[in-house]
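Colleague: What TrEMBL records for this protein is below:
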ACT_SITE  Cys10  active site, nucleophile
ACT_SITE  Cys13  active site, nucleophile
DISULFID  Cys10-Cys13  disulfide bond
DOMAIN    1-84  domain 'Thioredoxin'
SITE      Asp4  site 'Deprotonates C-terminal active site Cys'
SITE      Gly11  site 'Contributes to redox potential value'
SITE      Pro12  site 'Contributes to redox potential value'
Amino acid sequence: MVIDFSASWCGPCKFMEPVLNGMAAKFTEVQFVKLDVDELPDVAQEFGVQGMPTFVLLKKGKEVDRVVGAQKNDLEKKIGKHRDL
């Protein structure tokens, strides 16, 4: 699972939206969830989100990796790596 911590006012988050849609189409076995930090600040705090966008990769309920910022290539590599494990 990939959790996309973002906000409606965040420019880099908007830039990543079509990228994430493309990754969701490519990695069909991975669940993608978008979470607005302004609507769910407690969840963002629980995950220690400091900047946006932050992408947290979970496997079997545990965090296995994260990417902070609009790092599309880094995110795609990490998703590919963890879905194959």
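Glycine residues also receive a Cβ, built from the backbone N, Cα and C atoms like all the rest.
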Colleague: Taking DSSP states H, G and I as helix and E and B as strand, how many residues of the domain 'Thioredoxin' (1-84) are helix, strand and coil?
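Modeller: Taking the domain 'Thioredoxin' (1-84) as a whole: 34 helix, 23 strand, 27 coil.
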Colleague: Give the distance between the Cα atoms of Gly11 (site 'Contributes to redox potential value') and Asp4 (site 'Deprotonates C-terminal active site Cys'), rounded to the nearest whole Å.
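Modeller: Cα of Gly11 (site 'Contributes to redox potential value') to Cα of Asp4 (site 'Deprotonates C-terminal active site Cys') measures 14 Å after rounding.
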Colleague: Which of the recorded positions Cys10, Pro12, Cys13 has its Cα closest in space to the Cα of Asp4 (site 'Deprotonates C-terminal active site Cys')?
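Modeller: Nearest in space to Asp4 (site 'Deprotonates C-terminal active site Cys'), counting only the recorded positions, is Cys13.
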Colleague: When the number of other CB atoms within 10 A of each residue's CB is tallied over all shown chains, which of the active-site residues Cys10, Cys13 has the maximum?
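Modeller: Counting every other Cβ within 10 Å of each candidate, the maximum falls on Cys13.
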Colleague: Please list residues from the chain of Pro12 (site 'Contributes to redox potential value') whose Cβ is under 8 angstroms from its Cβ, counting only those at least six apart in sequence.
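Modeller: Those within reach of Pro12 (site 'Contributes to redox potential value'), by Cβ under 8 Å and sequence separation of 6 or more, are Met52, Pro53, Gly69, Ala70.
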Colleague: If you count Cβ atoms within 10 Å of the Cβ of Gly11 (site 'Contributes to redox potential value'), leaving out that atom itself, what do you get?
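Modeller: By my count, 11.
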Colleague: Enter the number of other CB atoms within 10 angstroms of the CB of Asp4 (site 'Deprotonates C-terminal active site Cys').
Modeller: 19
